[in-house]
């Protein structure tokens, strides 16, 4: 508690210098890499493999954006005081968060369209492909199909358990929970915050933090001149 109070006291007293000092430490960069890497592992290992929620085209694009941020965080964490490494990390983090927001917004629009009672809501909505085209034409679906090959339909993320599969009691509980809510929600019984919205929140928070940190760094460099 005293540690947190100390951080808050430093931030209030010298905000720019404190923010610059924070980004010159490995903690924040590793935190970003671990957080985004953890979300990728959670989506793949728990929801896709354990609960049989097949990823759609936009889902694997979101994973790509998170993976870029993981790489950026790791590169910057090698030596955050090195301007080149930190700049590479910042560019990768900004790119990943912006692209992630873009993919999440598109998936959210598709989700609302397919779950809308009005059939006209689907008019003009582009469907999902099982043959993704990643930025820079990266063949991620060929390199790591388990992680980046879409096998589901956009907007439909309820568990689909293959015939003949025997579920454990824990699996059955989660599968029933998400099937009854007709998809993934942060709070399934109340349909609160679908997967696309949760991803938007994660990317948005990262983007805000990056903007604040980069702004402080730019001010520090400007003052140094």
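Just so you know, glycine gets a Cβ as well, placed from its N, Cα and C.
Listed in Swiss-Prot for this protein:
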- 56-59: disulfide bond (DISULFID)
- 128-154: disulfide bond (DISULFID)
- 27-47: transmembrane segment (TRANSMEM)
- 65-85: transmembrane segment (TRANSMEM)
- 87-107: transmembrane segment (TRANSMEM)
- 199-219: transmembrane segment (TRANSMEM)
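Beyond its flanks by at least six residues, the transmembrane segment (199-219) meets 15-16, 19-20, 22-23, 28, 32, 35-36, 39, 62, 65, 69, 90, 93-94, 96-98, 100-101, 103-105, 107-108, 193 of its own chain at Cβ-Cβ distances under 8 Å. According to its DSSP assignment, residue 56 (disulfide bond) is coil. Using a 10 Å Cβ-Cβ cutoff, residue 154 (disulfide bond) registers 24 neighbours. Counting every protein chain shown, the number of other Cβ atoms lying within 10 Å of the Cβ of residue 128 (disulfide bond) is 17.
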